[in-house]
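First the structure, in the form of structure tokens, and then the observations on it.
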């Protein structure tokens, strides 16, 4: 299988510093060729696992709420299938164990599902694991390589999935959290490794297209989880523990299968041609020195990367995903049906990014779409929802359209371009460290949103039990303002790393650096351009 060079070499064997995109498309294989599909399988498998793990939370919590509703169980066999329930032979009823046989069905229903603390632990366990995994991803990739990262991720994913199966059978929260934490470690590693593998090994003609597939299949995984959950709750017998338990196990088995697929991927995928000094694959030519640039030299790109992570998370994508089912409920839709509709729209809009990246630069898409998403948060999801601004009917319509616009803008450019930008902001030798930091930053912001959003909504709305419209409105106004601030900073400082620019790494210096119209030999100066800046096959619109 051919390996596409990332740098040109001259007669003396020294690198000329040219970008992969400087190579012509004459030797480009078909997109559906074997060698190209070998690269495509990486973002497809890793993105699907990432997406299903994200979509897992809302669906599983809903299924568990049904499963743990003891009063709905009508036989001793079904009741014994739930470790938190007990069967009362005298009146042939199933009650919550904490009821001690004295309480009625209404009290037992109060014990179904997770409480607020348990829900928080369940939701955040994977994100915390992802943050920790991304912290160590850079060192791990430099030492053991990309191929080994997929193998280790597959093994950890299988172990984590096995614990989730055990926790589902015994309704044990702490085992579930440990399993989700291990899955988080996997995702923290693959969110760095998968985009890096594509960046280092894909043919220049397809690098951006394949690069966005990680986000596209992340949205596919989220949608698949939502649709599978909808199918489960629409089948007869789903409200009985004896019938629901095996359905929940089937739902959990998707993560197991995807983790096994990741392990197989690690075993069969070819090694990346990029290796780092001090690593297990450091023999041979073209080895990169991970210590070529210090963190101090890279403070500028790292700061810009943190701002892009803020755009990804602090504009409220996770809050929108949580708020969307309630919006659908408000306009008369079933919550699970509404959730499936929103996640399907999320996937469809992500598909649009595939043709867009061949027409525009990553920078152009990211900037334009971040501005559009921020405006949607501020003007459509924020201000109109504030109590008294609009009637209830108009408010719901505008907010629903606003969420649709926000999701579309996010998937057109913000989500799809983020993981590619996390690579191209840094020189190749610094990418394990730089990309690891940027991905870690977005997980930190993710945790902040998951923890602070419900608290903020409740506090601004006047406390528990109050109508949430005021708190939701103010929250989305804040999201919009944060997005606008990030947009202004990125408009000034978001530029990809250019080979040969040396250590002038401050954002200001990089933005103000002059660009020569040619390379001294009458040819356009595309040699120093990163893939982020290659807007079209003719390189006609670098932003």
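Including glycine, each Cβ sits where the backbone N, Cα and C put it.
The annotation region 'Disordered' is assigned in Swiss-Prot to 1-24 (among others).
Sequence annotations record features per position, and here Swiss-Prot assigns transmembrane segment to 39-59 (among others) based on sequence analysis.
Under the heading topological domain 'Extracellular', Swiss-Prot lists 60-120 (among others), citing sequence analysis as support.
Sequence annotations record features per position, and here Swiss-Prot assigns N-linked glycosylation site to 90 (among others) based on sequence analysis. A simple way to gauge crowding: the CB of residue 90 (N-linked glycosylation site) has 6 other CB atoms within 10 angstroms, across all the protein chains here.
Counting every protein chain shown, the Cβ of residue 91 (N-linked glycosylation site) has 7 other Cβ atoms within 10 Å. The N-linked glycosylation site annotation in Swiss-Prot covers 91 (among others).
Taken from Swiss-Prot, the feature transmembrane segment applies to 121-141 (among others).
Summarising the annotation, Swiss-Prot assigns transmembrane segment to 148-168 (among others) and lists sequence analysis as the type of evidence.
Positions annotated as topological domain 'Extracellular' by Swiss-Prot: 169-172 (among others).
Annotated transmembrane segment per Swiss-Prot: 173-193 (among others), in sequence order.
Within its own chain, the transmembrane segment (213-233) has Cβ neighbours under 8 Å at 40, 43-44, 46-56, 58-59, 62-63, 66, 194-195, 198, 244, 247-248, 251, 254, 258, 336-337, 339-340, 342-344, 346-347, 350-351, 353-354, 411, 415-416, 418-419, counting only residues six or more beyond its boundaries. Residues or ranges marked as transmembrane segment by Swiss-Prot on the basis of sequence analysis: 213-233 (among others).
Per Swiss-Prot, the feature topological domain 'Extracellular' maps to 234-248 (among others).
The feature transmembrane segment is assigned by Swiss-Prot to 249-269 (among others). Sequence-distant contacts of the transmembrane segment (249-269) (same chain, six or more residues past either end, CB-CB distance under 8 Å): 38, 41-42, 45-46, 48-49, 52-53, 56, 59-60, 63, 147-158, 160-162, 164-165, 168-169, 183, 186, 190, 197, 221, 224-225, 228-229, 232.
Marked as transmembrane segment by Swiss-Prot: 301-321 (among others). Long-range Cβ contacts of the transmembrane segment (301-321) within its own chain (Cβ-Cβ under 8 Å, at least 6 residues beyond either end) map to 295, 342, 346, 366, 370, 373-374, 377, 381, 403, 406-407, 410, 414-415, 418, 421-422, 425-426, 434, 437-439, 441-442, 445-446, 448-450, 453, 475-476, 479-480, 482-483, 486-487, 489-490, 493-495, 497, 505, 507.
Per Swiss-Prot, the feature topological domain 'Extracellular' maps to 322-337 (among others).
Per Swiss-Prot, the feature transmembrane segment maps to 338-358 (among others); the stated evidence is sequence analysis. Within the same chain, residues 55, 58, 208-209, 211-213, 215-216, 218-220, 222-223, 225-227, 229-230, 321, 324-325, 327-329, 365, 403-404, 407-408, 410-413, 415-417, 536-537 sit at least 6 positions outside the transmembrane segment (338-358) and bring their C-beta atoms closer than 8 Å to a C-beta of that stretch.
Per Swiss-Prot, the feature transmembrane segment maps to 365-385 (among others).
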Between the transmembrane segment (365-385) and the transmembrane segment (471-491), are there three or more C-beta pairs closer than 8 Å, counting only pairs 6 or more apart along the chain? yes
Go through the chain and flag residues at least 6 beyond the ends of the transmembrane segment (401-421) whose CB is under 8 A from any CB in it; none is fine as an answer. 191, 194-195, 199, 208, 211-212, 214-216, 218-219, 305, 308-309, 311-312, 315-317, 320, 323-324, 327, 342, 345-346, 349-350, 352-353, 356-357, 362-363, 365-370, 372-373, 376-377, 379-381, 384, 439, 442, 494, 496, 531-532
Listed stretches 39-59, 121-141, 148-168, 173-193, 471-491 vs the transmembrane segment (437-457), most Cβ pairs under 8 Å: range 121-141
Give residue numbers and ranges for long-range contacts of the transmembrane segment (173-193): same chain, 6 or more residues beyond its ends, CB-CB under 8 A. 46, 49-50, 53, 114, 118, 121-122, 125-138, 140-141, 146, 149-150, 152-153, 156-157, 159-164, 166-167, 255, 259, 262, 419, 422, 432, 435-436, 439-440, 443
Within the topological domain 'Extracellular' (386-400), residues counted as helix, strand or coil by DSSP: 9 helix, 0 strand, 6 coil
